[in-house]
Amino acid sequence: MGCGFSQDGQVQQLYQFRKLPSAQDNFEIPERPENRRKTDRKYLVAFIVVLIVLIPFLVYTLMYTDLRTLSGTDNCGNFCGYKNKKYDEWACTGKDYTDQKYQYLEGYVTINDVLRIRKRECVTSCPVGYEPTFHTCIRKSNTVIRNNEQYDESNLTMEDFIALLGNIGRDIRHGWWAIVLSAIASCLLCFGTMSLFRYAVDFVVWFILIGSVGILAIIAGLFWYAYFKMKDSQPIDGKQVKDGASGFMVLAVIFSIIVLCLIIVITCMVKRVKLIIQLFKEASKSIFDIPSLIMMPVWTSMLVTIVFLIFIILTVFMAFAGKLTEVASTPSGLYLEYMQNSVMTIALVYNIFAYIWVTEFIIGAQYMIIAGAVSAWFFTRNKQYLDAPLWTAFTNFTRFHMGTVAIGSLVITIMTIVRGLIRSLCENEKTKWIIECCMSNIEEFLRFLSKNAYIQTAMHGQPFFKSGKRAAKLLVSNAANVIAVNSIGDFVLVIAQLLLIVVSSVVGVFIAKATQTEHYWAIAVICVFIACCMAGTFFAIFEATIDCIFICFCEDTTLNDGMARPFFMSKGLMQFIEDSKAIYPKK
């Protein structure tokens, strides 16, 4: 445990890290607002500049956006169903197609043996054998056979689909009370889970670990039983049964290996599980002591959703932007199309980049604010004297550390874009899978480092890369505990989250059935979605709190010795320290 260096040396390193005079003994964690300074300002300026530069690109592109493109055009770019603008350079433009509302695609024209252009025409009604679908004449499908009965696909119209949506909407309005009741039930289950993590965390953790091993062992046993039973049987079709037996054997071996690995990991880290249990206890205590933490993921989800909707709307409008361009000229006439120029293409890519950066910035801001509040809670001996830690963390972020989150989110954004480009450019499926696996792990590692850098910045008020370096040193010096928290701890959280989602979803489905509506499944889908969102929100705050408390725990053991410098941690964590000294003596 610990870094392996003396506490005095670590305190001196903290003085150097914060650029404090060595004579100052009474440093505070987290750093007081009056002692903080703005960090990574140039990256915040870059973030703002990126958003400002996006505006003229958007304005230019949206000036050439015309949603009438959805109605289709003729060969000269005249919109079907509208009176069109006349362009002096093209005599075929300016047609009045008020009565010709449908686009009919006749075939292709090949020009110079290279360019193939689709012939387009605006018509009053679709020809025989075609039907209108979204203002375009589509060839009718032939009669098909489904479930031994004949259906004419031409009878399955858009009107029928719209009527179905109307009936579903009516049932959802009728069963609104079921959705509200399901949301309340999911909320109560989340708070019940939180209470279990606070008052019965030992039972919960060991129940999940032992229960998971037991269930996986039973599944492996069932596959082995099926394999031996099928292997010893006298089949009529020997090859088919042999293939089935081989499949059961592969599944049995896979599950057996998983069970064996879980048993080995749990056995080797049984002492570290005590730390995980204590971290879970501390996390639940901090959330109960700072209940406003629960709302952080809610506000973050709302902001991310708003940004996503704005992005989708802008992207849709930008996708329909284009300038009328002459594609080809033939003896039969001109061919004009609305095409995007390079500026519009750049604007579309730029919009995607800005969206990813803004989204990652919001998520990073949430993490830093939570870290500031939780670290203030951890390093306060008398929790009754906590004075609005979440608000203090928020003001520290907005006044001093927005630039730090800007650079951290930029790193993740660049990695995300590089990953997407490599994935799209790689054609070989095996190579693509290998690259995707490597890039996803690198991205997760960068996210992990960025989160811990945010925690260090929230605690000490230092820039991103400096904080990341200190966080990396802390994590390396506590490598065994890091592995335990990020393997067994994450496994427990994932299983607990799945159990919460399943229970909440089952409750939601039963409530939806009680509405006795024709399309109760639509209400059930909404209830399950709400259950997933609430479980995700709850465990997002819980996981962030655990990560922060773990870093606080590492800082506490690094800077304090429990005697000359008393620990800030709880008695449970102190007991873990004492047990660790007996089990892992210092070398």
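Yeah, the Cβs are placed from backbone N, Cα and C, and that goes for glycine too.
It should be emphasised that the depicted structure is a prediction, and the values quoted were computed from it without experimental measurement.
Database features (TrEMBL):
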TRANSMEM  43-63  transmembrane segment
TRANSMEM  175-197  transmembrane segment
TRANSMEM  204-227  transmembrane segment
TRANSMEM  247-270  transmembrane segment
TRANSMEM  290-318  transmembrane segment
TRANSMEM  338-356  transmembrane segment
TRANSMEM  361-380  transmembrane segment
TRANSMEM  400-422  transmembrane segment
TRANSMEM  491-514  transmembrane segment
TRANSMEM  520-542  transmembrane segment
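Sequence-distant contacts of the transmembrane segment (400-422), counting only residues of its own chain at least 6 positions beyond either end whose CB sits under 8 Å from a CB of the stretch, comprise 33, 36-47, 353, 356-357, 360-361, 363-365, 368, 435-436, 439-440, 442-443, 446-447, 450, 453-454, 457-458, 461, 463-465, 467. Note: the stretches the transmembrane segment (361-380) and the transmembrane segment (491-514) are not in contact (fewer than 3 CB pairs below 8 A, sequence gap of 6 or more). Outside the transmembrane segment (338-356), and at least 6 residues removed from its termini, the chain residues within Cβ reach (under 8 Å) are 50-51, 53-54, 57-58, 60-61, 64, 66, 69, 73, 77, 307-308, 311, 314-315, 318-319, 321-325, 327, 413, 416-417. By number of Cβ pairs under 8 Å, the transmembrane segment (43-63) is matched best by 290-318 from the list 175-197, 247-270, 290-318, 491-514, 520-542.
Long-range neighbours of the transmembrane segment (204-227) within the same chain, counting only residues 6 or more positions beyond its ends whose Cβ lies under 8 Å from a Cβ of the stretch, are 196-197, 245, 248-249, 251-252, 255-256, 258-259, 262-263, 266, 273, 276-277, 280, 488, 491-492, 495-496, 499.
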